[in-house]
Amino acid sequence: MQSFHLPRSAAFGQLETLARERILILDGAMGTQIQGLGLSEEDYAGHGAGCACRHHSDHPQKGNNDLLILTQPEAIEEIHFKYAMAGADIVETNTFSATTIAQADYGMESAVHDLNAEGARIVRRALDRATAIDGKPRFVAGAVGPTNRTASLSPDVNNPGYRAVTFDDLRMAYGQQIRALIEGGADIILVETIFDTLNAKAAIFACFEAFAEHGTRLPVMISGTITDASGRTLSGQTPTAFWHSVRHARPFTVGLNCALGAAAMRPHLAELAAVADTFTCAYPNAGLPNAFGQYDEGPEDTAAQIGDFAREGLVNVVGGCCGTTPDHIRAIADAIAPFPPRVVK
Ligand SMILES: [Zn+2]
């Protein structure tokens, strides 16, 4: 089932060659850019005239950012294009919550296939436009989020043995997402913002199953998130333990994203970079959120800290998570440019 016998995709080889030459750039946040559009419930649901979205639900859709792939495709493509032109080599699909498990909150389970297939196609279109301008190769990363349920922990303090979701539930939901991402042309599968390693293991297993069906192995990027100051994931692992839990997947990159910003991420990234015998990837938030949940750290600040990651030889791929913008990505690309990529032992 591990599918290592399968031929690797063409993009896999290209990415590996590029990653040995230089530090690669991943894009930044979708949420901040989408907020800036000031969209209404009508805009999200796409009930207006001329809407192409054939999926409907009785739930309010405002806040269902993934649905904008189907209801506001031009706006989403434009955000991807801005990130590509800001210097991103790898751009993520807007599919963080595009599983039946996460879309259940919006009654939009039926849209999951279209969200992922179309989500990958939209990124590909944006990247092809950018490449037509400057000739640089770019790659579509199919974003696979953690879902809003955890397989390792009980959400009920009175019933510690209870689980809101099982490994097999996750494996099937992720499998549906990953197959559709591949169908839409994803070059990479990026399992991100992992707070529960068991959820990630289900996503990895689903990748292997999908690759076996597809007959080709795609590069997998795996990114955990350290949610507290003690330096552990929500399911209680140190960065070293996290690496040993996912290394069987032979990921293209392992790394960290989101959470506490670059300064707090640095020691955990250093620990991971010291143990992982694969490329590393770091894309922190733009600092810590303020009292209103907004991120105040400017492009130069974030870029200086990520520049330090590069100077210290800790990274092979860098980008931004919550609160980052195309200006952050442009500044990050400038900041890392003088430094060679981390050498994989
Ligand atoms: Zn984030």
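Here the Cβ of each residue, glycine as well, is placed from N, Cα and C on the backbone.
Predicted automatically and left uncurated, TrEMBL annotations should be read as such.
The Zn(2+) binding site annotation in TrEMBL covers CYS258, CYS321, CYS322. Residues or ranges marked as domain 'Hcy-binding' in TrEMBL: 12-336.
By the criterion of other Cβ atoms within 10 Å of the residue's own Cβ, the least surrounded of the binding-site residues CYS321, CYS322 is CYS322. Taking the mean position of the Cβ atoms of CYS258, CYS321, CYS322 as the Zn(2+) site, the remaining same-chain residues with a Cβ inside 8 Å of that point are ALA29, THR193, THR225, ASN257, ALA259, TYR283, PRO284, ASN285, GLY320, GLY323, THR324.
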